[in-house]
Amino acid sequence: MRTSRLTDLDLWKQLKAHAEKMALPENHLKHLTMAPERLAEFSIQALDMVYDFSRQRVDRQAIDLLMELAWERKVTQRFQAMTTGAVVNTTENRAALHTACRDFSKAKRVVNKIDVTAEMARVRKEIREFSEAVHAGQITGATGKPFAHVVVVGIGGSYLGTEFVARALAAYADKGICLHFLANVDIHNFGEIAEAIDPETTLWVIVSKSFTTAETMANANQAAAFMKEQGLDPARHFVSVTSKGSPGDQTGQDAPFPVLRSFHMFDFIGGRYSVTSAVGGVPLSLYLGYDRFETFLKGAHQMDVHAATAPPTTNMPLTAALLGIWNNNFLEYPAQAIIPYASPLARLAPHVQQLYMESNGKSVTAEGKPLGVRSGVIIFGEPGTNAQHSFFQLAHQGAPFPIDFIGVIKPQYDAFQALSRGVTNHQELWANLISQPRALAEGKESEDGHRSFSGNRPSSTILLEDLSPASVGKLLAFYEARTVYEAFVWGINPFDQYGVELGKKLASEIRSQMAAKNRDAGHTFENVDSISRFYLEKLMGKGNDE
């Protein structure tokens, strides 16, 4: 899709001028938030959620201009086209149909002669049957003992989303299954897991589309060797989530990597968008039970429908995306924090960090032309109130950055009602959640400079009724849709990630040097650049001239 250069748009120039106006003293948030109708005008309620942006540095004109920008860039049409199977991943000539994973309708979608609707139903059925058989003790390890540990072996999008959801819904977990994540190729990660599991009752879930990802295969091979050392047949303890026809998509002892069962993932679902596919479906169904996983999917689908069909002014992820553009390109904040006041959401920020930064960390348009403006910002976060004792000093009195606060009305554990200072723990949490956005927005003047707060620091608050599987699904899909909408405004492709390729290529060259040294102790690193050679010699020795 050809689009005009952003900075040439009259709307873009109007937004630039309006951002200067919003910097005037009379538009400080301490004044804007005093308006009686501020919350009603600058918040959206839908799907048992509230998206409150009343403490963003916007007025009605700013929102109207941003909505015009969304219309000009045809982002809603592009989002709808994405959900029906259009080729929106233009650099790889692929659809991006992560939303199909959680769509239980019979609407037919065909991509590259694949009936996507039928394939999604097939994969969900296979996941249900497998997870229920494991829970019933019908599928066991080599010694006949039921599985009690599940280890997800994957990296990046192959585990981060699953880890977020598993942590968020741990209160709903099957208490007979412990879930572990082996992502880092660092042997310390493997060693810690090896000490925590019972090999006889461990099921390894290898997640790799190609079954060639260096870190994942190094860990998978390490796990297979470990199981053999315990006298166990890896083929009875390994399942794969991979693409059709990959080396991991085969069972039996003659397979390149024998597995008990394989589940399919598809090239029209990117890793960072894949938690609702078999990538998350297999481990989460084992950990939570399939029915809870399906409820999670249906929550995500509700948000997908909202994101695709709600009018722009009442569309939560679209509004969040436009505010992201505003804060980044017009107010020039280089980062955003995600602060959930709910410890089960501790892994949300790392997931969104990868989702957003890998999707939108681009410098060229989908057509390969210079973008001309900054795209993605740095995403980081920590649960509240922990974050208040970590980086909130900087948030209040140092370099400002926008924050998404997330609050939950009903905690997963509501039986604990002891009072301290007259309130429960959950109420104490909320006292802080209510106060922090206000303090950031309003600030406080003081003759003592050390006690002066400039305020005017923007934030949004996302309110969830509970942390049920459906609510977590909605939250996941909210951030996915927000990420995609921002990309569509910029005209970039949020579904490729060529930025990771150069480092991988150089790592392959270094790996070859290491392998040569392992084969021949006399091998020298004379063909390697001097800086890399220093580290290789520190790690493996110099060779002939030692």
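Glycine too: its Cβ is placed from the backbone N, Cα and C atoms.
What Swiss-Prot records for this protein:
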- GLU358: active site, proton donor (ACT_SITE)
- HIS389: active site (ACT_SITE)
- LYS504: active site (ACT_SITE)
Local Cβ density at HIS389 (active site) - other Cβ atoms counted within 10 Å: 10
Neighbouring C-beta atoms (10 Å sphere around the C-beta of LYS504 (active site)): 11
Neighbourhood of GLU358 (active site, proton donor) by C-beta distance under 8 A, where only residues 6 or more apart in the same chain count: GLY156, GLY157, ARG272, GLN497, GLY499, VAL500
Alpha-carbon distance [LYS504 (active site); HIS389 (active site)] in Å: 37
Assigned element (helix, strand, coil) containing HIS389 (active site), judged by DSSP: helix
DSSP three-state assignment (helix, strand or coil) for GLU358 (active site, proton donor): helix
